[in-house]
Amino acid sequence: MTVNLLDFDGESLTAWFAEQGEKPFRAKQVLRWIHRSGVADFDAMTDIAKSLREKLKAKAVVAPPAVVSDKLSDDGTRKFLIDVGNGNAVETVFIPEDDRGTLCISTQAGCALDCAFCSTGKQGFNRNLSVAEIIGQLWQANHALGAVHGDERVISNVVLMGMGEPLANFENSVAALKLMLDDNAYGLSRRRITVSTSGLVPVMDRLGDECPVALAVSLHAPNDKLRDQLVPINQKYPLKELMAACQRYLEKAPRDFITFEYIMLDGINDTDAHARELLALVKSVHCKFNLIPFNPFPGSPFRRSPAERVRHFADILMQAGIVTTTRKTRGDDIDAACGQLAGQVQDKTKRTTGRVIPLKEARS
């Protein structure tokens, strides 16, 4: 059976090579060719013996998911639509800044968590992405951005904040994270990789044990009553449990703070009283807040909080000593802003709000 080498992290690739009677250093060579150099053709791996190249051609492929479209925003943001098969596509976003280049990666085709303010959840859920489909987004973005030639690192940061809940696809997300960290692959620092979660408490503990990277928690409400409505997973893992999990994660995290993501919804969660409730909620967790202006999508009942309200809300948090930033909306002209990623999902598990765009239309 032919295997896709993009599905292997360093450890599993070494094990597969051993099964083929090859030494560990050969696996490292191939890993460097695939991920550092972005090479998919075994014949182009010139420092590998011809006999091994022939063996690889017979037993393996390097098959990243295809890029269906590549849209460039007026602000330099790029959104890639990635074909993951069976009529499904996911979205990957590159956000350039003066001091960094951040790639936002998807981990699922759709999302089952159905957060009230997020268009991905309204598309429904199909399936988890494979390791190749997750790391393949980074592989393809490096090619599109010209980052596979020369020493300059175009993508300096990766965030698992695209479509889906990374911790609901734990095994494949962690394998992809390990490739990002591997010096023979992408060589990123743990501090420069962020996993975003809506609060799957037991799996947060697993991440801390197995692959601690920077953590962002989609908080969005200061109390259980409101969060139950906005982030339904809260009904299973309420805020008291979530805050305790954040404290445990900090014992293993590469950064000494948790980032709390907080979407600003006009008249819903943006009052002074909400800000004061937040201060009481997070008093035992060393944290930063990232306030996110709501990005509208068809069928949503919410409105973006006025800019002055967002500034005042941030001031309350900062006056209490909490570092608080307001995310600059990027890529909204190409629907690449936070909460707008919808891709194309053939939903088999629950109803879908709005129309799902077939890939044949997306390509046109």
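Placed from the backbone N, Cα and C atoms, the Cβ positions cover glycine too.
The active site, proton acceptor annotation in Swiss-Prot covers GLU91. Taken from Swiss-Prot, the feature active site, S-methylcysteine intermediate applies to CYS338. Residues or ranges marked as [4Fe-4S] cluster binding site by Swiss-Prot: CYS111, CYS115, CYS118. The S-adenosyl-L-methionine binding site feature in Swiss-Prot is assigned to GLY164, GLU165, SER196, SER218, LEU219, HIS220, ASN295; the stated evidence is sequence analysis. The disulfide bond annotation in Swiss-Prot covers CYS104-CYS338. Residues or ranges marked as domain 'Radical SAM core' by Swiss-Prot on the basis of sequence analysis: 97-333.
Mapped onto this structure are the features recorded in Swiss-Prot.
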residue : record                               : DSSP class
CYS104  : disulfide bond                       : strand
CYS111  : [4Fe-4S] cluster binding site        : coil
CYS118  : [4Fe-4S] cluster binding site        : coil
GLY164  : S-adenosyl-L-methionine binding site : coil
SER196  : S-adenosyl-L-methionine binding site : strand
SER218  : S-adenosyl-L-methionine binding site : strand
ASN295  : S-adenosyl-L-methionine binding site : coil
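The separation of CYS111 ([4Fe-4S] cluster binding site) from GLU165 (S-adenosyl-L-methionine binding site), Cα to Cα, is 7 Å. Among the recorded positions GLU91, CYS111, CYS118, GLY164, the ones whose Cα sits within 10 Å of the Cα of CYS104 (disulfide bond) are GLU91. If you take the Cα of ASN295 (S-adenosyl-L-methionine binding site) and the Cα of CYS118 ([4Fe-4S] cluster binding site), they are about 9 angstrom apart, rounded to a whole number. Scoring each of the binding-site residues (CYS111, CYS115) by how many neighbouring Cβ atoms lie within 10 Å, the top position goes to CYS111. Checking each of the recorded positions GLU91, CYS111, CYS115, CYS118 against LEU219 (S-adenosyl-L-methionine binding site) by C-alpha distance, the shortest gap belongs to CYS115. A distance of 23 Å separates the Cα atom of GLU91 (active site, proton acceptor) from that of HIS220 (S-adenosyl-L-methionine binding site). Here the Cα atom of GLY164 (S-adenosyl-L-methionine binding site) is found 5 Å from that of CYS111 ([4Fe-4S] cluster binding site).
Mean pLDDT across the domain 'Radical SAM core' (97-333) comes to 94 in this model.
Non-local neighbourhood of SER218 (S-adenosyl-L-methionine binding site): CYS115, SER196, THR197, SER198, GLY199, VAL231, GLU261, each in the same chain, at least six residues away, with C-beta under 8 Å from its C-beta. HIS220 (S-adenosyl-L-methionine binding site) is 12 Å away from CYS118 ([4Fe-4S] cluster binding site) when you measure Cα to Cα. HIS220 (S-adenosyl-L-methionine binding site) and CYS111 ([4Fe-4S] cluster binding site) have their C-alpha atoms 17 Å apart, to the nearest angstrom.
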